[in-house]
Every structure is written in C-alpha cells, then in structure tokens.
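First, the structure itself, so that you have it in front of you.
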Amino acid sequence: MVVLNIFFLIAGQTASTLLGRFYYNQGGNSKWMSTFVQTAGFPVLFIALYLFRSKSTQTATASPETSGIKITLIYIALGLIIAADDLMYSYGLLYLPVSTYSLICASQLAFNAVFSYFLNAQKFTALIFNSVVLLTFSAALLGVDEDSQGTNGLSHGKYILGFVLTLGASATYSLILSLMQVTFEKVIKRETFSVVLNMQIYTALVATIASLIGLFASGEWKTLEGEMHAFGSGKLSYVMTLLWTAISWQIASVGVVGLIFVVSSLFSNVISTLALPIIPVFAVIFFHDKMDGVKIIAMLMAIWGFISYGYQLYVNDKKARKTSVSVEESS
C-alpha cells in the first residue's frame, strides 16, 4: 500500500505539473482555469471512499462532541486557503520555467518543518535544521540565477513575481497540511482513512467553487472559447489537457491521503517533495528547459535536504519502535 500510494503521488504530481506547463506553452492563458482544474477532479475521490467504505464506516463520522458547524467552517476556511494557494501556483507555473518552478516548490519541506514546530509540536533537530538551510539556499540560488530570468520571453519583473508567488504557495501548502493535522488532532480527534478523505473532498469542493467564482468574476470565462480554438495542438488536445490535468491532480491526492492514513501526514509531504527534483529532468526532455550549473546545484541541494529530512524521520521511527517494544516487554 505504501509503495502504491508513493507511485500515485509522484506520478500524479509529475504529470499534473508537466500538463500545466503544456497548457500555457500551447497558448492557454487563464490563471483561474489552471486553478480550477487543480481541485475540480475531486469527485474521483468518491471512488476511493466507496472502495474503503466497509473498512471505515464505523469511524467515518467525527467525534460526538465535535460540532458539525465547526467542522463545516474549518472546511470552508481551508478550502478558500487552498484556492488562493492554487492560484499562486498557477501564476508561478505561468511565469517560470517548469524546472525552476518545481525546484522552488521543494522549499515546502523547509516551511513544513517550521510550521510543524509551531503548530504540531515537532522537534527541531540538527538534521531538520540542516534540511531547512539546504532547501532555503536551493530556492535562494534560483532567485538570483540571472540565466533563468527572462526565459520564455517574460520580463525580469514577471520572473520575480513568479518566484515570490511560487515561494508563497509552497509556504501556504505547508501551512495547510499543518492546519489539517491540527484539525485531526484537536477538533475531529481521529485520523481514519474516511475522515482524511472527507477532509480532502470537502475542502476541494470549496476550493473548486471559489475558483469558478474567480473565473467568472475576473471575466476570463469570456476568453475560454477563443483560447480553445487558438490552442496550438487543437481543440481536442485543449479539452484533454485540462481533463487529464484534473485527473492527475486527484491521482496525486489519492496518494497523499493514502500515505497520511498508512504512514503520516509528515511522510506524505516528504514524498510529495521527492517528486519535485525529478520534474526538472522531464522538463528538459519535453520542454527543452535550460539546466545550467546553478539549477543543477540547486537540485542537488534540494535532494540533499530531502535525504536529511527523510533520515530524521527514519531515526524517529526507529526510536518509536524501540520504545514500543520496551513497553510491551515491561508489561
């Protein structure tokens, strides 16, 4: 189950990011449409909910003392934050080469460590500190890399805006995961598969509605028909690109939910970060992104940061297992 969910997460995240860039490369320009497809495929999650219904029916509802109104408000608040986060990602993917974008997104692990320290009482060890420093420097290198700026015919100002928004989106994504963890621990007070899946479904529903409102309020919906006709690889390709982008995001979501349930939310975030240094390789193959020395160093630093963080999780898990064995033997 762990291997299968890791595959879903990495494959879904890689495919959705590459398809998102393909949408822009072929003439797509609607930031709200790009935001919309990141959550619009959430009905796919009902399949997973149905398949595991028999295993989790008895724990599918929240604790009796938990107010339905409180949970609804949490879903709405998180959904709106997710919509804003997706919009920042959409701008980042538009204004940055996909290789640069994905490497900046790896900074979410550093933000995750910081938010987990303040919100989830996670200890800040030397290995985690090392990971945060490496990922911070990795993102900083890309921020000052002059060779990446002005690529794809974009101005220096748009590159900086894309960099800042992608960094902000990475921080926001980590905040969302920490807030979800707090909700499971303090409000819902359980973390079964169905509860985690419900969290994903209802927050995605709110985010999708918010994205639709943004699409119509911004007036971008008026340009969609012309965008489809002018799409570089044809109208059918336009529809299929958006459809498979939405499906890919939800395949990744199934992987996220599965790893949260089987292992932990922290492990899920670590694995999602693992996919990010892989994406630049595909970006070079499919979009001919330039991989200069600075990007390669940034990618190696991101991988090093990931390994450092992952090793700390391994150490923590080993300690927990030893403690568990000791308790069992003493009893």
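Our numbering is plain: 1 for the first residue shown, then up by one each step along the chain.
Placed from the backbone N, Cα and C atoms, the Cβ positions cover glycine too.
Here TrEMBL flags 32-52, 98-119, 126-144, 159-180, 201-218, 238-263, 270-288, 294-314 as transmembrane segment.
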Among the recorded stretches 32-52, 126-144, 159-180, 238-263, which has the greatest number of Cβ pairs closer than 8 Å to the transmembrane segment (270-288)?
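It is 238-263 that shares the most Cβ pairs under 8 Å with the transmembrane segment (270-288).
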Which bits of the chain, at least 6 residues beyond where the transmembrane segment (238-263) starts or stops, bring a Cβ under 8 A of a Cβ in it?
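For the transmembrane segment (238-263), the far contacts come to 1-2, 4-13, 15-16, 19-20, 22-23, 26, 28, 33, 37-42, 44-45, 48, 191-193, 196-197, 200, 204, 227-228, 231, 271-272.
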Can you name the far-off residues of the same chain, 6+ from the ends of the transmembrane segment (159-180), with a Cβ under 8 Å from a Cβ of it?
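Same-chain contacts beyond the ends: 78, 81-82, 84-86, 88-89, 91-96, 100-101, 104-109, 111-112, 114-116, 119-120, 139, 142-143, 148-151, 199, 265, 268-269.
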Mind checking which residues of the chain, 6+ beyond the ends of the transmembrane segment (98-119), have their Cβ under 8 Å from one of its Cβ atoms?
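Apart from its flanks, the transmembrane segment (98-119) reaches 17-18, 21, 92, 128, 131-132, 135-136, 138-139, 142, 145, 148, 162-163, 166-167, 169-171, 173-175, 177-179, 181-182, 266, 269-270, 272-273, 276-277, 279-280, 283-284, 287, 289-291, 295, 298-299, 302, 305-306, 309.
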The transmembrane segment (201-218): which same-chain residues, six or more beyond its ends, come within Cβ distance under 8 Å?
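Same-chain contacts beyond the ends: 30, 32-33, 35-36, 38-40, 42, 45-46, 49, 75-76, 78-80, 82-83, 86-87, 253.
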